[in-house]
Amino acid sequence: MVAGEIIKGVAAEITNGSSSSVVQKYLDCANQVAPDPGNTTWVLLSTILVLGMMPALAFFEAGLLRSKNTLSIITQIMSGIVVLTVMWQAFGYSLTFGPDQKGIIGNLDHAFLINVSYDDCSPNAPNIPAAAYAFFMMMFANITPLLMTGAFAERVKFKAFIALTVAWEIIVFYPVAHWIWGGGWLHKYFGVLDFAGGIVIHTSAGVSALVIALYVGRRKDFEKYGGEFPPSNLPLATIGAALLWMGWFGFNAGSALAAGNIATSAVASTQIGGSFSAIVWIILSAAKGKPNTVSVINGVIAGLAGITPASGYINSQYSIGLGICLGLASYYSVVLLKHKLHIDDALDVSSVHGLTGIIGSLAIGFCAELSVNPNGANGAFYGNPKLIGTQLLGVVSVAVWAAAWTWVLLKIIDATIGVKIDESEEELGLDLVEHGEFAYHNISLQGNENHYSSVINSHDFFK
């Protein structure tokens, strides 16, 4: 980072009344002679690990859905990756991490990654090249809206998915990420903490997922199956979950932006939290019948999502209790939403990601220690109960923003191109209706051969 940019940045932050820690980021960058090779290597490896989480998410979700919708979820996620990558490179990074505009959003100074150096650091990451940080954060920006696909699976048109993903990323994710990670109002003025995305990613996506599930309504035969449609390929789902688990170490420990004690602590917290949450799910599922595969993998994902915001701020021993709380809360949230309220969040995104992200973010207010991460704060257990209120402010602000805008975007998209497929198309499956393909060629059309022909003849890609 050149001297002029450093001076300009420090002056702007002082003028805006930023905390000394925010100003210090610029000074740390100025004092850094060159990016550290070891830290740069770790962040680049973490970037690759988080990228791998996205096809892993596709495997996980495809295996849990019905076979006639396998390719649709894979196509949504893989298409989302490339669209969101282009957006981030063109303007997303700049809106998120560009110079702050009244605490709300960045500007377009770094559009198309202009002046994002491959040689010098950035204030957000004083030990690595600015470009390495930009590409690492690209993966977070990419995966966030893709998490929502599990909530509305098997019901939403592909073009509606693309429209919602693009609009949601711009209106929800970029501002929220700026508020907490990019020098915006929640961190600058209140000190809201989110190590790797419990608020920015899991709360925003989880709350939005619930809104979408409510908006699009239940799938056909929801009551018949009690909300638990038979999965098509549990081994595929398990492989996806295992790859997600592995990638989560890059997600959480990579957020330390250095290969050191904070990254090590995040690795420990991630493994412990995910494991204890899974144990809770195994015990509860066994108590109701038999321990099943879906419970194991959902329990792991719930724990990993919930430990995400706290992993770099708390002693890893707290991950035991937090993991247990996350397992209990997510399990009974699924029972409440799906089996009591009959909300068809197909893959329980609101419970496994949303609720756990909220709990983990609030846990920072109790368990955070400056001795673990000097860039954080002490929580209530260490003499600072105000941090609980700070974290609550962050969670509520992001949840309300995400929920409100998601509903508005759905209404606009529905009024223009439509959101949901009709019931007869749902019967055939999105693989055929939206993409003209089958994942498995032994799928029965179940007496719908005539409708199959009409669907084929109605789509341009068969002409």
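Note: Cβ is positioned from N, Cα and C throughout, glycine not excepted.
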Swiss-Prot annotation: P231 and T293 on one membrane face: yes
The topological domain 'Cytoplasmic' (338-351): which same-chain residues, six or more beyond its ends, come within Cβ distance under 8 Å? 61, 64-65, 147-148, 150-154, 205-207, 209-210, 213-214, 217-219, 222-223, 226-229, 298, 302, 330
The topological domain 'Cytoplasmic' (149-160) resolves under DSSP into 5 helix, 1 strand, 6 coil
Closest-packing stretch to the transmembrane segment (195-215), where packing means Cβ pairs under 8 Å, from 128-148, 161-181, 234-254, 317-337, 393-413: 393-413
For the topological domain 'Cytoplasmic' (61-76), the DSSP helix/strand/coil residue counts are 14 helix, 0 strand, 2 coil
